[in-house]
Amino acid sequence: MKQPQTESNVLKNGLVGAFYLIGLQIISRLFTFIINTLVIVGVDDSIFGVSAIQYQLLSSIILFLSREAIRRACTRVNITDKLNNDNNLKSVINLSWLVLPIGIGLSIIFENFFLYTSTKETLEILNYHYGLRLFTISSILELLSEPMYILAQNLLLFKIRTTVEGFALFFKTFSTYYFIVILNMGLIGFGYAQILYSLTLVIGYFGYFLINIINNNKNKDNKEFSNCFKSIDQLFPKFSTRIDRNLIKLSLLYTWQSIYKLLLQEGEKFVLFFSETNQGQAIFAIVSNLGSLIVRFLFLPIEETCFLMFPKLFPTINNNNNNNNNNNNNNNNNNKNQENNNNNDDFKNGANVLIVIMKFLILVSLVFTCFGPGFSHLLLNLLYNNKFRDTNAGVLLGFYCIYVGFLAINGVSESFVHSVAKEDQLKTVNWVLIIIGFIYLLFTLIFCKLFQNIGIILANCLNIKLSNMIPNKMVLLSFIISFIITNLSNKYIYNAVSFKSTCIHLLIGIICFIQTCTFIYLKEWVSIKEFKKILSNKNK
């Protein structure tokens, strides 16, 4: 059986996993971004708006509410522990398969919700209902792969996720271009591409575990999860085995956090669905996808890796351990003192990792906050051949770049709190998050009425608090100066129809970027060395 993970191994595997996920995001997203740019130029705005906002919102609701809480609870269980492996593994398997019936029930409810609440303009779009049904089916298929995904994540098999999701994204991108641009199938084409994506996930994850079980039975050495699984039956639920109560409680606690996270990540789509035209939805979807590239490239993989690392880097105290310790207090004082010393060292090391990661993300986000607004118009005009020159898409993208700065801090800090908090702390956090989530929706609706699409991004910024881990003052000053100069250049120098003014605007941006990077190197060298030191652990 796989050996329990030490702190150094967890950090090593976590960092390697982060690099695999970041690599997957960069390669796949750049490829899909190029193809999607061609799709956007060739498809009607209304069709793209329905697909990118309404269909994706339906899929997100089904997937989030079905699997997010169970996924987070299961990743906190150590199925490689020698003493408790069998019980833990059975509980994780049984609980992970509950996502399927939950997802089917939610699919029926929310598909009908979208049909009854859609506008007359939307319902008149060709094959709207058929496309909606295809996205519902694809969501259920994706949930079918969830038990194997949870096992792969729990065992820190990041290579498997990188490979499977990479192939799935490539198939989805190629099929989208084929169905939409070549065959001109409209909304049905988006649905078919989504189903191919889900099928690839199912085949990939199940195929990996089935092949390894067959190899284990043939007495072949398997270093990935040595003899953790000996038969195919272990991958499926057993009604004779009960799910651990603590795991169920943890899942229920994370359910409230899933609702909050859904409101945070998809709240703007709810507001757009009820208040914007299909064309307005399309513009926001394009800007959102473009503006959140850094989030998908870098922030999201690091956030997911941190959620897997922190429970193992920071010692957690559960109710069972407390009860066992109370019964043996008089006999194990020396052991407890030693354990407390080890826990203190673990907390120091874990805290150092957290601080360095946060500082790095803040610096990256400041680059986008500083240079994004000044070059958003130019980027959109270059990518989409001036298709959105007469809209507010450029201003919207500029505000989205500022929003990215808030996202950088929120993701990792949220992963830390949710992965190491005790049960009573999670209960308190849940109620606070739910209240904040509904307040956020209220702000989103109000700002959307006042500022249209830009108001949605302003509401998002209010929902996320800044940390006190800010960079050096000179670095901040260089960012502020660059921000002012590039935006003045964008307003008074840049002209979309003038090649000369475009080149001058780009040159100003390059000069400002170089001077900002110079200050980062000079004033944040200590943080850079600490970050390098953490990265070097992956080779040890």
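Quick reminder: no glycine exception, Cβ is built from N, Cα and C everywhere.
The N-linked glycosylation site annotation in Swiss-Prot covers Asn78 (among others) and is backed by sequence analysis. Asn78 (N-linked glycosylation site) counts 16 other C-beta atoms within 10 Å of its own C-beta, drawing on all protein chains shown.
Over all protein chains present, the Cβ of Asn94 (N-linked glycosylation site) has 20 other Cβ atoms lying within 10 Å. Among the features that Swiss-Prot reports, N-linked glycosylation site is placed at Asn94 (among others).
Under DSSP, Asn487 (N-linked glycosylation site) is assigned to a helix (H, G or I) in the three-state scheme. All chains included, 16 other C-beta atoms sit within 10 angstroms of the C-beta of Asn487 (N-linked glycosylation site). Among the features that Swiss-Prot reports, N-linked glycosylation site is placed at Asn487 (among others), with the record citing sequence analysis.
Annotation source Swiss-Prot lists region 'Disordered' at 321-343.
The transmembrane segment annotation in Swiss-Prot covers 15-35 (among others).
Marked as transmembrane segment by Swiss-Prot on the basis of sequence analysis: 46-66 (among others).
If one looks beyond the transmembrane segment (95-115) by at least 6 residues along the same chain, the residues whose Cβ comes under 8 Å of a Cβ in the stretch are 54, 58, 61-63, 65-67, 70, 73-74, 123, 129, 132-133, 136, 139-140, 143-144, 146-147, 150-151, 236-237, 243, 247-248, 251. For 95-115 (among others), the entry in Swiss-Prot reads transmembrane segment, with the evidence type sequence analysis.
Per Swiss-Prot, transmembrane segment is recorded for 140-160 (among others), and the stated evidence type is sequence analysis.
Here Swiss-Prot flags 166-188 (among others) as transmembrane segment, drawing on sequence analysis. If one looks beyond the transmembrane segment (166-188) by at least 6 residues along the same chain, the residues whose Cβ comes under 8 Å of a Cβ in the stretch are 24, 27-29, 31-32, 35-36, 38-39, 42-43, 47, 50-51, 55, 125-128, 130-131, 134, 194, 196-198, 200-201, 204.
The annotation transmembrane segment is assigned in Swiss-Prot to 192-214 (among others) on the grounds of sequence analysis. Only residues 6 or more beyond the boundaries of the transmembrane segment (192-214), in the same chain, are considered here, and those with a CB under 8 A from a CB of the stretch are 55, 59, 134-135, 137-139, 141-142, 144-145, 148-149, 151-152, 160, 163-165, 167-169, 171-173, 175-176, 179-180, 185, 222, 224-225, 229-232, 234-235.
According to Swiss-Prot, the transmembrane segment annotation covers 282-302 (among others).
The transmembrane segment annotation in Swiss-Prot covers 353-373 (among others).
According to Swiss-Prot, the feature transmembrane segment maps to 393-413 (among others), an assignment based on sequence analysis.
Residues annotated as transmembrane segment in Swiss-Prot: 431-451 (among others).
What Swiss-Prot lists as transmembrane segment is 466-486 (among others).
Residues 363, 367, 370-371, 374-375, 378, 471-472, 474-475, 478-479, 481-482, 485-486, 489-490, 493-496, 528 of the same chain sit 6 or more residues outside the transmembrane segment (502-522) yet have a Cβ under 8 Å from a Cβ within it. According to Swiss-Prot, the transmembrane segment annotation covers 502-522 (among others).
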Asn94 (N-linked glycosylation site) and Asn78 (N-linked glycosylation site), Cα-Cα, nearest whole angstrom:
15
Euclidean distance between Cα atoms of Asn94 (N-linked glycosylation site) and Asn487 (N-linked glycosylation site), Å:
55
Contacting positions for the transmembrane segment (46-66) when only residues 6+ beyond its ends and CB under 8 Å are counted:
39-40, 99, 102-103, 106-107, 110-111, 114, 118, 121-122, 125, 128, 131-132, 135-136, 138-140, 142-143, 186-187, 190-191, 194, 255, 258-259, 261-262, 265-266, 269-270, 272-273, 277-286, 289
DSSP-derived structure type at Asn94 (N-linked glycosylation site), helix or strand or else coil:
helix
